[in-house]
Amino acid sequence: MEKWYLMTIVVLIGLTVRWTVSLNSYSGAGKPPMFGDYEAQRHWQEITFNLPVKQWYFNSSDNNLQYWGLDYPPLTAYHSLLCAYVAKFINADWIALHTSRGYESQAHKLFMRSTVLIADLLIYIPAVVLYCCCLKEISTKKKIANVLCILLYPGLILIDYGHFQYNSVSLGFALWGVLGVSCDWDLLGSLAFCLAINYKQMELYHSLPFFCFLLGKCFKKGLKGKGFVLLVKLACTVVASFILCWLPFFTEREQTLQVLRRLFPVDRGLFEDKVANIWCSFNVLLKIKDILPRHIQLIMSFCFTFLSLLPACIKLTLQPSSKGFKFTLVSCALSFFLFSFQVHEKSILLVSLPVCLVLSDIPFMSTWFLLVSTFSMLPLLLKDELLMPSVVTTMAFFIACVTFFSIFEKTSEEELQLKSFSISVRKYLPCFTFLSRIIQYLFLISVITMVLLTLMTVTLDPPQKLPDLFSVLVCFVSCLNFLFFLVYFNIIIMWDSQNGRNQKKIS
């Protein structure tokens, strides 16, 4: 009873922090003509409510795709329609065709913020609580601490409640998928993950680990027996869920193609804005976005992405395990973020979710990564006037991790899960005994750099000839950190023994 009492308090703390952040400004507030993501979400409610389904993704006099045209899968559109029906009941002016463009009022802001909170309460938060409760080999107090730290992760709070989006819906569905396949509820897990993809196409970042883990399970059961039956069931589940989500758009070939064109806008280019990945960072030195033809950029990004995630995916297919699955989710999502085509700065949240899932396994490295992921979005957060919420939520998250996980005491090779790797290296370099010390120094350098860059960005004006100097430095420093983490997580995956004694598995 005490466990659930404490869990309720933790959830209430998470909700309080979310609602407090939502009281601040939001993306594009009072900034015509495009306003911001808040207006995008409102506009999609306007479009889905007032226009027939066949017109949702097509350009017309009533649906100008240049003005926040719908560019997410059908499940997002259905969610917008559901919110629109509630909005119509409260105040029809909020979703009136044409005349509601740029609508701003306190009542409407309260409504929009409430829709995010309700989505969190129904999908994301229950998944977090259940996931942490199912963790084995850790105490009840650690499970509750895990819930608190995940719910306090500042990146998701700032983007969903400050910038304004519904990332918790797709991430929540993905987490339900992780729970399902980790607990051998493979069909339910597959269904949940299909819902995640059909809500936001960026969930494809997680698709290969799901595919490889489930395929590995089928191989393990034997493709001539139970494994083949499971494979057929999984295929039917995936196909059926996609058909149900896309049914209104399968009536005509052009309808389907138009939705796909909106979901994968190749014409937007290799990257957008200032994103902390390889292409944006390298573009400072060599303008690859301008020099290389679009099709070469596509091929190049595909090759780098595929090669960087291939080893982890092969290992997961051949040796499927819950622990390997979680770490491969991190590695693959990070590979997509660093090397794939058309990446947004907010896409780092897709890496942060699986990192939250291994917080109890490697608290020091997970906390470090989650701090860097929030810092990498600094230009966007400052643009939305979210400096103070960013500082407060980041400090709250960091203090919670230090207090409940004692992260600075978890820096030995064994705690960092690098012992197998170190032993392998010491066979050739006996003096290689300083790895954990190096990582501690790197953490210190990383944190100091992030703090200094934040202070410089906030207090100093950039040179007139280099107006984006600080934004580029934030992206470059974050990218270097992410490259280091990509190597680190792949080392854990490749040197991990499937029968390791200290694995914390999902029951």
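Just so you know, glycine gets a Cβ as well, placed from its N, Cα and C.
Positions annotated as signal peptide by TrEMBL: 1-22. Here TrEMBL flags 110-132, 144-161, 173-197, 227-249, 298-318, 348-371, 386-408, 429-457, 469-495 as transmembrane segment.
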Legend entry - Criterion met for the transmembrane segment (298-318) and the transmembrane segment (469-495) (at least three Cβ pairs under 8 Å): yes
Legend entry - Dominant neighbour of the transmembrane segment (173-197) in 110-132, 144-161, 227-249, 386-408, 469-495, by Cβ pairs under 8 Å: 227-249
Inset, instruction - Mind checking which residues of the chain, 6+ beyond the ends of the signal peptide (1-22), have their Cβ under 8 Å from one of its Cβ atoms? - result: 113, 116-117, 120-121, 125, 129, 133, 140, 144, 147-148, 151-152, 157-158, 160-162, 386, 389, 393, 396
Inset, instruction - Count the CB pairs under 8 A between the transmembrane segment (144-161) and each of 110-132, 386-408, 429-457, 469-495, then give me the winner. - result: 386-408
Legend entry - Chain residues outside the transmembrane segment (386-408) and at least six past its termini with a C-beta under 8 angstroms from it: 17, 20-21, 24-25, 141-142, 145, 148-149, 152-154, 157-158, 162-163, 359-360, 363-364, 367, 370-371, 374, 378, 458
